[in-house]
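Peer 1: The following block contains the structure, expressed as structure tokens.
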Amino acid sequence: MTKYLLSLLIVSIVYLVYHYNIRPAYLIKRYGEDEKALKPKFEGLSWYMLMLLISSSTLLFVKTFLYEFATVPSQSMMPSFTVGQRVLIDKNEFGFRNPLNNLSLTDHRTPKRGEPIITQFPLNPQIMFIKRIVGLPGDVITLNKEYLQVNDIKYPFNKVDSIVLKVDKDMVKHDQYQVRIGDFSWNYIVETKKEFPTISQQRVPENGYYLLGDNLTGSSDSRSFGSIPSGYFIGSIK
């Protein structure tokens, strides 16, 4: 989508520069015609190209700095977010970022524990993925079958009805564990036949955030690639 908008923007700019600057200057130099007589008017194709320039510029600005739709690609955030679900990314929630290096240009608010976000994949920043924040900079994280613990506070699990998901063409039963942190409530799921994944006293670096997928036995997250700096964050989910 971004490449398409950039292409429209470039084509529009090139055409308008040619039509209103290069072409009249060339005709005047070659034929010595009066400049006013050769001055083009905004009509026909020129009018459409101008509108295309304005609309593509506006859409590109919105997509780069404000909002963008994304599609959930996997089951790593089930049952909160399903495969193929469309989500709206608010890119301004955590402040404007430089699109070239993703560094923050303004500060709005900091991410919260329990909040789902869209972030770049640390091993390949070209890939966007969705995870949930469980640890802020400096936190110590512990996870077991009974509770999620952040520093000295334990957030107990409430086991609810199991669900069945399709995994590698097989229908697999998953246990559900409901938890709440602040304003956010969600269910973790774990394959019934597998051991509950655990985390023991994991300290989050001062410049990092600890992210987990809600599908604890079907997610690649901070347990495998470590904490993620906020510079990788793309935005919050609306």
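Every residue gets a Cβ built from N, Cα and C, even glycine.
Bear in mind that the values here come from a model prediction, so they are computed numbers and not experimental data.
Grabbed the feature section from TrEMBL, which reads as follows:
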type	residues	note
TRANSMEM	6-26	transmembrane segment
TRANSMEM	47-67	transmembrane segment
DOMAIN	49-237	domain 'Peptidase S26'
ACT_SITE	SER76	active site
ACT_SITE	LYS131	active site
Peer 1: As a test of reading the model: what is the averaged pLDDT for the domain 'Peptidase S26' (49-237)?
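Peer 2: On average, pLDDT over the domain 'Peptidase S26' (49-237) sits at 89.
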Peer 1: For LYS131 (active site), list the number of other Cβ atoms lying within 10 Å of its Cβ atom.
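Peer 2: Cβ-Cβ neighbours of LYS131 (active site) within 10 Å number 23.
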Peer 1: Rounded to an integer, what is the Cα-Cα distance in Å between SER76 (active site) and LYS131 (active site)?
Peer 2: 8
